[in-house]
Amino acid sequence: MNLDQLEVSHDADSLCVVIEISKHSNIKYELDKESGALMVDRVLYGAQNYPANYGFVPNTLGSDGDPVDALVLSDVAFQAGSVVKARLVGVLNMEDESGMDEKLLALPIDKIDPTHSYVKDIDDLSKHTLDKIKHFFETYKDLEPNKWVKVKGFENKESAIKVLEKAIKAYQG
């Protein structure tokens, strides 16, 4: 995949997210920036599976030095390597052994999957959905040596837009 050839949208209501890890996977993949190949990073050490599709927003730079991460919440698992247009609804703030790490929370645009069209902001998501996401990130590195995570909490769509705007500016230098 050549991201330079991809028409990237940074519109909060129609954001391009490159999926690296499908929902329910227990394998962590990362897109190699040079080759565009989807590389296996590791199999998760514990019994957890990703609670959502996981990827990144191209042409951004998060506080961890990588493109800003995004979870695309859906009842379906999108193929790793696919690009999903999604709309922001919130952000998960966390810290790990490498520093602060924000995860944008998004849903597929209604044209792709209208199942959750009623969700406009983080408060529209069920407590159970947020609890599953929080629990996953609090525990998915537990069995890995020298790795840890502290979940700081969730914030709304407005905060997510600020994280996105900061990441776009950081990428543009």
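Cβ coordinates come from backbone N, Cα and C, glycine included.
Database features, via Swiss-Prot:
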- K28, R42, Y54, Y140: substrate binding site (BINDING)
- D64, D69, D101: Mg(2+) 1 binding site (BINDING)
- D69: Mg(2+) 2 binding site (BINDING)
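Features recorded in Swiss-Prot, as mapped to the structure shown.
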residue	record	DSSP (3 states)
K28	substrate binding site	strand
R42	substrate binding site	strand
Y54	substrate binding site	strand
D64	Mg(2+) 1 binding site	coil
D69	Mg(2+) 1 binding site	strand
D101	Mg(2+) 1 binding site	strand
Y140	substrate binding site	coil
For D69 (Mg(2+) 1 binding site) and R42 (substrate binding site), the CA-to-CA distance in whole Å is 17
Using Cα coordinates, what distance in whole Å links Y54 (substrate binding site) and D64 (Mg(2+) 1 binding site)?
-> 16
Taking the Cβ of D101 (Mg(2+) 1 binding site) as the centre, count every other Cβ atom within 10 Å, in any protein chain shown.
-> 20
Check: same-chain CB within 8 A of Mg(2+) 1 site center, minus D64, D69, D101 | G62, S63, D66, V68, M94, D96, S98, M100, E102, K103
Take the C-alpha atoms of D101 (Mg(2+) 1 binding site) and K28 (substrate binding site) and report the distance between them in angstrom, rounded.
-> 16
